[in-house]
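Visitor: Here it is: the structure, laid out below.
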Amino acid sequence: MAVGGFGGVDGPVSSFNGKITASVVVTCIVAASSGLIFGYDIGISGGVTTMQPFLQKFFPSVLRKAAEAKTNIYCVYDSQVLTSFTSSLYIAGLAASLVASRLTAAIGRRNTMVLGGLTFLAGAAINGGAANVAMLIFGRILLGFGVGFTNQATPVYLSEVAPPRWRGAFNTGFQFFIGIGVVAANCINYGTAKRSWGWRLSLGLAVVPAAIMTIGALLISDTPSSLIERGKVEQARHSLRKVRGKDCDVEAELAELKKASDVANEAKREPFVTIFQRQYRPHLVMSIAIPFFQQLTGINIIAFYAPVLFQSVGFGNDSALIAAIILGLVNLASILVSTGVVDRFGRRFLFLEGGIQMFVCQVCFCSCYFPTRRSYTHCQGRTKGSQGLGPQGKWENFL
């Protein structure tokens, strides 16, 4: 669901078979917990936009459309202001990702996570206390910067700290915490949906995962690769000894990290010339194609708008939120399976298995769904009864 950024030195250290120590486990769990903020936002926003008090206060035009006889469910949420609310986070995240790589290299992975956590914390507080749409959008922009920074720094941090043999499993920890955030947010939405102030609690509680990951990031050290990259060799030695164990001789690995850092610094002198060389073209193509097509699958839309999508096929409000919770739990279970097999069978195996599974399921879904929903392709011509509003056209019946 999330795509990490590039940066840092993953280096040729795979020959050093580091042990799984208590320190490296705790460190990686704390770092991976930054996925909570992204997952929480994915889960919370879709549910909040179906809450009547939230729409009544900020987007009354959506409620008016729900009461109109000629508007079907797909057009109820056709609001430019509402679109601005939902998309502003991702636009800000895109902008942040353009500078996050250099920022991660300049101030370190840990400090970037702290910065992202603080920015997200401020955005969550503003959203929870929002009095108008401007505050909502400004808060979402801050959330976007927080997500952009942490999504860049965390995967790099995990890759550089985790023992090479189990690097894939440790990296899935970030995705696992995203899944936890989604499930937690959907549960909170379900519990607060019927309260007039429920949307404030749902949006404001984002400060909790932000505080958890920010405080946690302050308690861990930066990665050895990042410290070497910034010329802090002695601190890098201490950090490496801490994650590999006090009894482990880290000098050989430290020397390799220094060598890798020197090579990386040389490459930085002409990065755009180097990356377009023929031998690097397959890497360049795949580094663009994999995240590009992963996004085109629409998986983020499914996760983000799950409650709305379930409503569109006839679920009531409570049923839609419960279905979103079930979807999140299935996602969590699949992440656990991936964690167990990624280092045993490899990344390519998971790409093939996941791609085939998605293709088959989407074909089945389309063949079952669209023949019965042809009338939803237009925004006109439906009656109150057929769109689920009931004889009075009330929002409660619509939900």
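For all residues, glycine too, the Cβ spot is worked out from N, Cα and C.
So TrEMBL lists the following for this protein:
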- 27-399: domain 'Major facilitator superfamily (MFS) profile' (DOMAIN)
- 20-40: transmembrane segment (TRANSMEM)
- 81-100: transmembrane segment (TRANSMEM)
- 112-131: transmembrane segment (TRANSMEM)
- 137-158: transmembrane segment (TRANSMEM)
- 170-191: transmembrane segment (TRANSMEM)
- 197-220: transmembrane segment (TRANSMEM)
- 284-308: transmembrane segment (TRANSMEM)
- 320-342: transmembrane segment (TRANSMEM)
Visitor: Could you name the stretch, out of 81-100, 112-131, 320-342, with the greatest number of CB pairs under 8 A to the transmembrane segment (137-158)?
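Guide: Of the candidates 81-100, 112-131, 320-342, 112-131 scores highest.
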Visitor: Would you mind listing the long-range same-chain contacts of the transmembrane segment (20-40), meaning Cβ under 8 Å and 6+ residues beyond its ends?
Guide: 2, 110, 113, 116-117, 120, 143, 146-147, 150-151, 153-154, 157-158, 161-163, 166, 170, 173-182, 184-185, 205-206, 209-210, 212-213, 216-217, 219-221, 242-245
Visitor: Which sequence positions outside the transmembrane segment (320-342), separated from its termini by at least 6 residues, show Cβ-Cβ distances below 8 Å to it?
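Guide: Distant contacts of the transmembrane segment (320-342): 43, 46-47, 50, 168-169, 172-173, 175-176, 179-180, 182-183, 186-187, 189-190, 193, 302-303, 306-308, 310-311, 349-350.
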Visitor: Quickly jot the same-chain residues contacting the transmembrane segment (112-131) by Cβ under 8 Å, restricted to those at least six beyond its ends, or write none.
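Guide: Result: 31, 34, 37, 58, 100, 103-104, 138-150, 152-154, 157, 200-201, 203-207, 210-211, 213-214, 217-218.
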Visitor: Give the mean pLDDT for the domain 'Major facilitator superfamily (MFS) profile' (27-399) on the 0 to 100 scale.
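Guide: Mean pLDDT, the domain 'Major facilitator superfamily (MFS) profile' (27-399): 79.
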